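Note sheet for the following structure.
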Amino acid sequence: MLKLFKRIGRKKDSKIEDFYEFGPEIGRGAFSIVRQGTHKDTGDQVAIKAISKQHVSEADMKRFTREIEIMKKLKHKNIIQLIEVFDSNDYLYLVLELIRGGELFDKIVEKGNYSEKDACNLVRQIVSAVEYMHQHGVCHRDLKPENLLCSGDDEKEEIVRIADFGLSKIFEGGEELKTACGTPDYVAPEILECKPYDTSVDMWSIGVITYILLCGFAPFYADTHHELFQKILDLEYDFPEPEWNGITDLAKDFISQLLIINPEERWTASQCIKHPWLAENHGDKELKSLDSAISSMKDYVRNREASTSNILKMRASQSTPNLHSANSNTNTNSLSSSNSNNTTSNSNNNNNNNSNNSNNNNNNSNNNNNINNNNNNNNNNNNNNNNNNNNI
């Protein structure tokens, strides 16, 4: 891996072509193209994201600038690394660490052999990175499986990288955030209620991610966004059989400490690191093989690849959160050399087994659309929840 990372912030007149060879395209977004690149002197492989200045608004450019400032602050083994930035008249170039393993769910499905112990190791890495972000004044605000990339070549232990800081925010001590943003299946209840919030929203998302990693489907699911949001606000979830049979009580307790309506009672990342489920050294202790979770993840990946995603913006109200379509500028997204990231956006379908008939694979689809607060008045509460998660 490239050594961290001395070159951030080239002079404006530096030309990227003097330092990097451009390779094949590995991703594309509304305003950007991502190519694999090679450093001319060192031979290091990188991902180069070229953002066209001609096609972005002043507000978008401010957002990209904010994202760059955030990524410059973060140097952690479980966070994708920004190497350097080039600024030309027509393009803003972000040179990033190249992640070869693709999205985490894809890697789990490909591997085929997956246990609760593996899930625990993955969650431990995520919590470690989020603890670091929060200690450095960064709230991610859009943690979800699609923003977790896998870079480990060692089959014994996958290395998770958190990506996509397009919705992230630097906050000062005691500051409260107000912008309604996130992805429906993973969004915290205080955001849906338009209440001020803090980094605890990331911890709610980790609770949802942990749940999915252990069973393959989301804790909250419904046919419409309105119903989905109401289930989140009512904390309407359980651990249905047979998917949760054999999974340890410690794992369930860990999730229960995060899926708490009151953010003041929700565990912090520092508390989670010390939770027995993460802190305990499992050693060679056998934990349940999560074959059913892999099966559900296969459906998740297959349905995502078969769909085309929208970006949705949310207008949340205290009583009835509403979702409506809007033309939107995508987040700066995950960079990976895997084929799963070669589309502009992917729909990710969380297939959820109804607890009233656990052996029946009639799954409800939950739509994970990126949501940002706006003032449009078009309500789409009757849209089906097909998981729309954007990756460039």
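Note that the numbers count up from 1, one per residue, in the order the chain is shown.
Glycine is treated like the rest: Cβ placed from N, Cα and C.
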Figure out which of Lys15, Lys49, Lys53 sits with Ile26, Gly27, Arg28, Gly29, Ala30, Phe31, Ser32, Ile33, Val34 in the ATP site per Swiss-Prot.
Lys49
Hey, which of the binding-site residues Ala30, Val34 is the loneliest by Cβ count within 10 Å?
Ala30
Inter-residue C-alpha distance, Ser32 (ATP binding site) and Asp142 (active site, proton acceptor) (nearest angstrom)
20
From the Cα of Asp142 (active site, proton acceptor) across to the Cα of Ile26 (ATP binding site), what is the distance in angstrom?
22
Please give the greatest C-alpha separation between any two of the ATP-binding residues Ile26, Gly27, Arg28, Gly29, Ala30, Phe31, Ser32, Ile33, Val34, Lys49, in angstrom, as a whole number.
15
Helix, strand or coil: which one is Asp142 (active site, proton acceptor) in, per DSSP?
coil
If you count the other CB atoms within 10 A of the CB of Ser32 (ATP binding site), including all protein chains displayed, you should get 23
In three-state DSSP terms, the structure that Ile26 (ATP binding site) belongs to
strand
